[in-house]
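**Q** Dropping a structure here in structure tokens format, bear with me for questions.
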């Protein structure tokens, strides 16, 4: 490499061509540092009052949808903390070739809804050599970066840890080579590493879900849902091949979510003679009335001898057995596309947590690399290499054919879903004797996507446990009228992919006029347990039934349980409710389209979403869409708030912003309605921007259930029967009353009295809501603080956030080419790899 002068960017300028705004002290020789010059003078001087940290983010390995939201959240949270943030372009190649560019607030604007990674990714052969890693260390030190966030798979994270462990020795070599001064080792003693797993395979230990896995599953379900219609028409058998390498999560999740007949995954190879077992299972389905068959093959599927099982082999075997079989290999369609709500959410939360880790940790803590993961809806930190080594051990276990251990290493959720699939696909029934107990399911409240998959799992798992299954039509009103039918195995065939509610739902609840009719119906059908799957009205209904136990002794012999099935996520005993994920995906789809229309004409949109008195949908859609403001009842709306927000939008549009987005919950305020807010902003901003209002309405309740709503409703039903079995074993009869739901990554039971105390009847929501702090988080990372007159979100060294970090005009920026120019347009965010 030729000797050239380059710039260490210390925040005083971002021009790579040596213009006058660059601090000349930051010029160094690429091959040699002047020993008399202190490279770190600015940093050492500032340590006495406020050390300015410098951090970088890179994406490596295969891309996944959700990487961009993670980059956005990390970069902006770092800026709010007072640090300087850089992007390493093209993965580890960028470290080796010094393709490290500074980011400002506008650099990551508008990327939250984009798939892939705007900073590029690559697999680097040079980085695998020690010489390549030495160049990477030099380039990091040259830019005074000693905190690195790596977003990628286990290989990328292993590479980051290797760089960390070699850091000191590589610095010593650079000093010996004369490229760095000795005092550099004193000021850069360690390289701090944080990792976020970006992988569609969901193959990493230490997190419930990896960034990109939910979007990939969505792509698979969209394809399979489309294929099923043609398969049913022609009575065909389809073999679907999905990605996954050594991990069968995508095949397993899509198998559970679509009601597939058979899956082949590397973690649990089928027994010898599996071909005939598969054919027999497909034949049983056809004899039961199914018009199509579905086999899902993970690309890494093997048999017990370690021999690969290909989709072509499966298809040929089925054809030999007389099936009209077809293959669909989904390929890279699984990897791309707009991120789902969940991928945007977890990526945003993990990006913020990574920034907090670099700032909140002690020196000793920073010496140990961490993996930022998710447990339920919250972030967790785990030892990076412990998670990587555990993950990589799975490949060895598969190679050694220790298959009994593989599923256990994958984790409890993987094992649970595999057992659920085996039961629901009729591959292995318990064949237990009938318990002679009737279990009834009904819906109450508004319709929610996920109700039909729930009923399917409820029915099949219940039959598998030996219960007699019943379905009640039209909620508690239907129960009073005796509208009950027994549910059989094939009654719910195909329900896993259906939106709406086949059993029907309404908002009626038990009362003095119908309670005796309800009890008569329960006695006539010999019901021992009631599961209400629905919304807040349903919880009021089961609370009312529980109250009637004092007057009607018959109810004391019946278990009454509520399960969350509402888009509003406003019921007690759970962090999330089934249906809210589908609703948020519908909302984000609409918001993305609205934002595209707004860009063309400098427009501010005021969008109203459902949720009644609960602001969950508004808060979450704001966090994951990049909306500047969200208005919810829990925080209230005042005239002062609206005035400050109006000032903020005026300032933003004055600075050539082309779009603004406000999301309002439908009952956020009785006085300041959606139309009032629209009228106010339209009148005051008419010379700068146009304003439109949009009420999304019932599109939020419809649509095919999302992957998460399908598989989590199934998981919820599996735990419901575990609770029933434990209750039966402990007391000899069913007597549990309360609700079940998702709390802290698990499924928990809440007793009835505790559930009732948690409910706010006035506002029809839980008294305590876990997500409230995220409203402020969303606002903080969406609006440049110097644009926001109400901003109080500066921390620590916030004085370092200046006008230089503000989005600037397009004419001031040059566009990049790979490994060359070190700046890019921070306003329009071009795909760097194009």
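A Cβ is built for glycine as well, from the same backbone N, Cα and C atoms used for every other residue.
Copying in the features that Swiss-Prot gives for the protein in this structure:
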type	residues	note
BINDING	62, 123, 124, 153, 154, 155, 156	ATP binding site
BINDING	154	Mg(2+) binding site
BINDING	199, 200, 201, 236, 243, 244, 245, 299, 326, 332, 333, 334, 335	substrate binding site
REGION	427-437	region 'Interdomain linker'
REGION	438-834	region 'C-terminal regulatory PFK domain 2'
BINDING	507, 566-570, 603, 610-612, 666, 692, 698-701, 764	beta-D-fructose 2,6-bisphosphate binding site
REGION	799-834	region 'Disordered'
COMPBIAS	803-812	compositional bias 'Basic and acidic residues'
COMPBIAS	813-834	compositional bias 'Polar residues'
**Q** Cα-Cα, whole number of Å: residue 153 (ATP binding site) versus residue 326 (substrate binding site)?
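**A** Residue 153 (ATP binding site) to residue 326 (substrate binding site), Cα-Cα distance: 32 Å.
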**Q** Restricting to the binding-site residues 62, 123, 156, 612, which ones have a CA within 10 Å of the CA of residue 199 (substrate binding site)?
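**A** Checking each Cα against residue 199 (substrate binding site), the hits are 62.
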**Q** Cβ neighbours within 10 Å, counted over all protein chains: which one of the binding-site residues 124, 199 has the most?
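**A** When each Cβ's neighbours within 10 Å are tallied, 199 leads.
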**Q** Nearest by CA distance to residue 155 (ATP binding site): which of the binding-site residues is it, out of 201, 568, 603, 698, 701?
**A** 201
**Q** Taking every protein chain shown into account, which of the binding-site residues 62, 153, 155 has the largest tally of Cβ atoms within 10 Å of its Cβ?
**A** 153
**Q** By CA distance, which of the binding-site residues (123, 154, 245, 333) lies nearest to residue 603 (beta-D-fructose 2,6-bisphosphate binding site)?
**A** 333
**Q** Please report the distance from the Cα of residue 245 (substrate binding site) to the Cα of residue 154 (ATP binding site), rounded to the nearest angstrom.
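**A** Cα-Cα, rounded: 13 Å.
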**Q** Out of the binding-site residues listed (243, 326, 335, 568, 612, 698), which are within 10 Å of residue 62 (ATP binding site), Cα to Cα?
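**A** For residue 62 (ATP binding site), the binding-site residues whose Cα atoms are within 10 Å come to 335.
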**Q** In three-state terms from DSSP, label residue 333 (substrate binding site) for me.
**A** helix
**Q** Would you list, in sequence order, the residues of this chain other than 62, 123, 124, 153, 154, 155, 156 that have their CB within 8 A of the centroid of the site's CB atoms, where the site is the one recorded for ATP?
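**A** For the ATP site, the extra neighbours are 60, 61, 91, 152, 159.
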**Q** Return the count of C-beta atoms lying within 10 angstroms of the C-beta of residue 603 (beta-D-fructose 2,6-bisphosphate binding site), excluding that atom itself.
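**A** That number is 19.
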**Q** Nearest by CA distance to residue 156 (ATP binding site): which of the binding-site residues is it, out of 201, 335, 701?
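**A** Ranked by Cα distance from residue 156 (ATP binding site), first place goes to 201.
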**Q** Tell me, how many other CB atoms lie within 10 A of the CB of residue 326 (substrate binding site), whichever protein chain they belong to?
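**A** The answer is 17 other Cβ atoms.
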